[in-house]
Ligand SMILES: NC(=O)C1=CN([C@@H]2O[C@H](COP(=O)(O)OP(=O)(O)OC[C@H]3O[C@@H](n4cnc5c(N)ncnc54)[C@H](OP(=O)(O)O)[C@@H]3O)[C@@H](O)[C@H]2O)[C@@H](O)CC1
Ligand SMILES: [K+]
């Protein structure tokens, strides 16, 4: 039987999509004093003052047609009343927002605030973007697109209110044009689009301002950010009285002719995250009988690896190829009673052979899929562009269809579970968009599975650790340019041991599991 899916999401940062945020707003807005928009504007003004510091330079505020624009008018008024030289840009004769936004505009005019219909010259200490928030419904065109272009050319900090305008708050997709902010002050709750796809390139530093609202009391989170709190209870020091059998066996299958390196990278990663023994079933008959740089790896034929009954987990795919022999191995692998990780060409074979899909959905043990967007597109008979349009929907659809836990890799990897829950991982950097990184991720997941981590936590933990390892290297000046997968393995070992060393032994969850 598959392991029960016991994940404690309570300590994680919650993510709310636009529909859920509307429910929260509807719940609190009628009785809130001061009005939510006044609170949002005041919070934005405080953030703006923090960014300009003591400098009383000029501040430009772009205000859009809806309530995001309303936040902007409140912020502009408060900054002006504090003594700042504030210019508002707004081009709507009639405010289309709710009553609060109309009032905010009127209050701005009441304090003598001027409104210009175009972005004036540069020379600002700060630009505040309050054009569009979670109400963006279509690509930005026309005059607002030219405003965004002008701001993106300016050489000053840009503070986005709630969401950088043009970024879809649910998906992280740029709709036509988007502000490239240096800071984003997001209101009420974190939004998924800030952390995946184009979000991280447009948000800069994100701060959360909950405006005193308790979101969870109204509606459950839509998803969560992956955090180490999720697997803190598994970060335990090893028992002194242990042996290699205690730390499990990882079985890896792949490494066809010319692609042996992929299987070796995965094997080394499994070993260096702590698997007791790692067997690599190498398709290439001509491959060396051992890995000279890592002689601890046990190189076998794929059939020997799959026939073994010692497996805690089987990971198949790195360098597998799509030959008839590879297909046969896939048919054997899906029958394994162990937790199964499918990566790379294993996913491509799965996309092409319906019998594999059927066998997969009948498995009792857990299955983990690690597609990048192109592999995901093949699995869902879609295009990469459509997959990326809504990465959360795509990952959830994969999880549902294949009854598997899935990581859709890329900027802000999305992890979806078959029960519908989803997570975004925020560790990692663009240096990790290079050859062999996926093989290392597969190896890390296999290594954690070998050590007895429950399947979903091995997936979430492996993805988080992989990114953390890459981030440590960048902090050491070894990336992002030229970061190599081999270095990430070494760094993951250090990061994993540091996590374990830092784990709080008094954590109450330690005593309950
Ligand atoms: N309600 C509350 O309690 C609180 C709300 N808060 C704030 O409100 C924000 C949400 O406000 P919102 O719903 O008014 O949406 P917003 O993003 O301002 O834009 C909607 C307007 O834009 C228009 N429009 C859309 N796309 C367009 C395009 N491409 N090109 C041109 N027009 C386009 C759209 O027109 P329509 O689609 O109807 O034609 C509509 O007029 C939220 O992000 C937060 O900042 C906070 O103060 C906390 C309290
Ligand atoms: K905005």
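Every residue, even glycine, has its Cβ placed from backbone N, Cα and C.
Curation does not apply to TrEMBL; its annotations are automatic.
When 438, 443, 447 are compared with the AMP site residues 409, 410, 411, 412, 413 in TrEMBL, the one appearing in that site is 438. Annotation: 68, 129 are the binding-site residues among 68, 129, 410, 411, 413 whose CA atoms are within 10 angstroms of the CA of residue 162 ((6S)-NADPHX binding site). If you take the Cα of residue 438 (AMP binding site) and the Cα of residue 134 ((6S)-NADPHX binding site), they are about 33 angstrom apart, rounded to a whole number. Contact annotation for binding-site residues (129, 165, 372, 410, 412, 413) versus ligand 1: none, no CB falling under 6 Å from a ligand atom.
Residue 129 (K(+) binding site) carries a strand DSSP state (E or B).
Candidate binding-site residues: 68, 70, 129, 165. Those with a Cβ under 6 Å from ligand 2, in sequence order, are 68, 129, 165. Comparing C-alpha positions, residue 134 ((6S)-NADPHX binding site) sits nearest to 68 among the binding-site residues 68, 411, 412, 413.
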